[in-house]
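Annotated features, as they stand in TrEMBL:
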TRANSMEM  44-67  transmembrane segment
TRANSMEM  134-157  transmembrane segment
TRANSMEM  163-183  transmembrane segment
TRANSMEM  234-255  transmembrane segment
TRANSMEM  275-295  transmembrane segment
TRANSMEM  316-336  transmembrane segment
TRANSMEM  356-380  transmembrane segment
TRANSMEM  401-421  transmembrane segment
Amino acid sequence: MMPGTTRVALSSVPSSATSATTVTNFLGTSFMLCLLGGFVADTFLGRYLTIGIFATGVTILTISTVIPSLRPPKCSRDSNTTCTPATSKQLNVLYLALYLTALGTGDPKSSVSGFGSDQFDDSDPEERSRMTNFFNWFFFFIKIGSLGSVTILVYIQDNLGREWGYGLCACAIVIWLVVFLSAEGFNKKKKKHKLPHSKEFRFLDRAAIKNPSRPEPINKWNLATLTDVEEVKLVLRMLPIWASTIIFWTVYAQMTTFSVSQATTMDCHIGKFQIPPASLTVFFVASILLTVPVYDRLIVPVSRKVVKTPQGLTPLQRIAVGLVLSIIAMIAAALTEIKRLRTANSHGLTDSPTSQIPLSVFWLVPQFLFVGAGEAFTYIGQLDFFLRECPKGMKTISTGLFFSTLSLGFFVSSLLVIIVHKVTGNKKPWLPDNLNQGRL
């Protein structure tokens, strides 16, 4: 989605909804580009070179926060004056920075997990079980990084400035890139495993049939091998599972946008210390960090005896658990919003968007905990499924296919926000800037 089309579509949408949609569009683009990164890595450049080329982009965000003319003046939420909106130039720089960052992060996402799974022999039961443990702890350490971003980096950005937060990210990427590329000499290209012919999707077999009436030289673009065709068939067989998980990431998108907006209206104090609303997602990450070891050390041993599989719950069963937890999370979020609106109404704060509602922000914790636990099950289950079921030579693009479910989930969230506003209108919108008058 191009920045210009985003602004046109959201020109009449309240700024709170615009901000939420900007975030979800960026995240959606970032994950959708994993497909491009996977295709480029598997077909042309290889994983190391692909990551080395595209693992940049956050630097322009740092520059846009350092130069005053590239950002609007700082605006306090409690200020009585109207905040100065960003100019077209500033928005263009912001969108350029965001989507270059999306391009830069898309390729490593689809490549890195494939490296880890390559270390295990999927035909060996013991190795297969260890691969499941790898997915668990791979995801665990990703969320350790997320925990740092929603605590340390948010604190630095709020107290020292965003240029310091983005600058630290840029330095970390440079260090990571140097360390990662130092192992390039160990990257050996593996031969494809030949696959037997299957009867499903037989129309695709034509791609591997030589046409004697065409005298042009044979290459991979006009004549595929049987294994190439069977690999495409394997990917097509995964599409039903791919489609069934998109809505979970729509729920996830709500936790990272409007749930934070809810927090800005509530009492964020613990004694004299005030929690930054953006740091509330620490409970989301903490739930994930708690779920992974509990699952690995407690649930897996029990489920091995019950379902009689080496890895405990199968990938599809883990996805199902995650989907159920997302339902519970949305119920909890709805009940909390009902209580928040009633509290605002009882204290006469319905028309005061900048006033603090006397309701603890910790009422939002259950929805973050449920979605966090759901992500731990869904993310790991999806990653496990897509890497196990995909062809050996298409692990990177298969991982990109998995990440595209996240992308579409964010885009569906953006679409829902736009549709809801179009349907409810400008007079009594469900998602206004003043959430106390809305129907979130």
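Heads up, the Cβ atoms here are built off N, Cα and C, so glycines get one too.
No curator has checked TrEMBL annotations; they are predicted automatically.
If you look at the transmembrane segment (275-295) against the transmembrane segment (356-380), you find at least three C-beta pairs under 8 angstroms, all six or more positions apart, and that counts as contact. Residues 135-136, 139, 245, 248, 251-252, 255, 259, 262-263, 265-268, 275, 277, 280-281, 283-288, 290-292, 295, 318-319, 321-326, 328-330, 332-333, 336, 339-340, 343-344, 347, 349, 436 of the same chain lie 6+ residues outside the transmembrane segment (356-380) yet bring a C-beta within less than 8 angstroms of a C-beta in it.
Here the transmembrane segment (234-255) touches the transmembrane segment (316-336). Their Cβ atoms form 3 or more pairs under 8 Å, with each pair 6 or more residues apart.
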